[in-house]
């Protein structure tokens, strides 16, 4: 890089010196509007090579439209047009197989940017031709006119075409393809050499997509063509989900104070510029002056780097990407340029100016077309490419092909005339120019392509990268190509390592409205903005995104869960209320301890079975209740461990049957107490119930009812193994689904009904006189039982997973413990700690005291 900079500044030294020592001769500013290259058949060439401008518009006193302070400005970059025309004519004139014994020539007329000057030059040339049409015997100079070659601006071609259309005069344009000029009703004899840009928008958008530029600006001419290409760009970009940061339309009349145009230019790093050279001239000059060095310009037109002596190293267009129609390089044209000099082409009015300005020749004092003190080896090919490019441009290629198209048309016409009537000695071709239209429509130019076919073919584009650092280098390097006919995915070809980006970037530039959303996040559009402008929000619970810039996160399957970064789904581990877990171990230990205590109580009662406190309140029912409570404690073990179908069925049936028997036993004990105190009163029914032990039948009856409910439940909607994938993160909890919520609540309701009945009977007998009346303890235990299960219901509906199972186990243990503690706790206390109260003597003394203290009636 430093070596380039050194060479660049070294090259600038002569320029700096000459800026102070070199005085421009007056001959440099003397220029005519036309010159001629003689031939048998003449082509009218209308090219924009120089223009006049004035600063104060000081009008001439006698000559209209002439200013005293007028200056001439040369566009030497367009001089290649004349060389391409000259090169094609010399090739054709030297080809014995094409137009033998006939030479082509041209009349050059400079095209200015005003309609008046353009029509005036076209009128002068056409008038001389019409004069020959009116007076066919007029043979001065023996020149015959064939066609007009116009460009590069479509506007100039349209202005000239309007005039030529009146005479059906053939007109060939070499500028960019313009749909308006294809109107045969308005321009019946106009032929465009440039192919249509049918694939340009696709090519540019493909490049944008390749580099993932999602936020780009558009600068287009404010005319019908700009509006059409804007519609094409919007359609293609919308299809590829690329957003337009802004659209700026270039006004027809460019003004330097058009400040509003430059607003928001810093919103994006990539801007597409579309238009022809003429419409973009003012824009390019302004961009160069503003040093917008952070923007990658994507253009369809080669930027003509103007020779401005600002001596800046940086250039706004360095790193630009240019789309250019692909043409085969013509090496003969480069060799031809090496031979061009003012001596070989004395009629050329621009060559002396070029040699004078760039090779420091001097004009002769006698004639401004004669040069002195010139270098013998001076040649245009030694000039830097930004001043004069020896490679044939698109416009020059169109000129070259247009001249050949015209030559082939003349050749076909000549052959047709010879077939009809051979020429006599000294007689040449005689025709009217409008007769060429028939041949121009069908003629095959080089590569066997017809004029109309060239307009509709899907062309291939070369992608050029502008290297202009340091400023003035001006190299255009081919870095890729685009072919619409290639298979999908292979249309764009790029050599990224060859691309030089603007100096501010050390790698491929990024152009986005919002930074990419990384994996684990999704895009949320910003209200009122383009879809490329968004915020990044984390994926929801159990959702992931493993790509960047996703619109929606993907929900993990039920068997998986999202990791912490939410960019991957992990397999959930199977979990259940196991014995090796602290909770399962604690519940199992409590159940075993309580069942052991119950067995211990049974042992105490068996050992003291002959004592009054054991015999009181139906000894047999007490043993049944203790055995049933043992099963109630042990049935909770069905809820712990890995569930299976048998365990799920046993959970509910053993729990329901065991608790039904326990509650039925309590009910039988309460009824027994009530009946025992009513036996002193007359009543056969009461006496029969006591003698036949009728209350004991309550247990099987109530149990059968519960078995019937359970049978219906198991036959219709039995419990089954279910999975809970939501309660515990990263785990699938195996548990037993009740199968039927109605059946489960029916079983619980029946148990509560028994508990309520037992509580009612025990409450009614709480004040009956008896030494060991347990009615108070029965009522309190039923009250606790009822509270436990009423509390369980809302908890059951508000919890899930292992907590739900643990709560059900806890409710079974708590309610069973209430029965054990409140019914048998006081009795064990008396048996173990107050044995003096557990004797018949104590009972007699207590009854004697009660009778003594009772009032006499």
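Note: Cβ is positioned from N, Cα and C throughout, glycine not excepted.
Matching 618-641, 834-857 against TrEMBL, the residues noted as transmembrane segment span 618-641. The stretch that TrEMBL tags with transmembrane segment, taken from the ranges 559-582, 583-606, is 583-606. Feature annotation (TrEMBL): of 697-715, 716-734, the stretch labelled transmembrane segment is 697-715. Sequence-distant contacts of the transmembrane segment (777-797) (same chain, six or more residues past either end, CB-CB distance under 8 Å): 663, 666, 669-670, 748, 751-752, 755-756, 758-759, 762-763, 766, 804, 807-808, 811, 814-815, 818-819, 821-823, 825-826. Residues 652, 656, 659-660, 663-664, 666-667, 670-671, 673-674, 677, 702, 705-706, 709-710, 713, 773, 775-776, 778-779, 782-783, 785-786, 789-790, 793 of the same chain lie 6+ residues outside the transmembrane segment (747-765) yet bring a C-beta within less than 8 angstroms of a C-beta in it.
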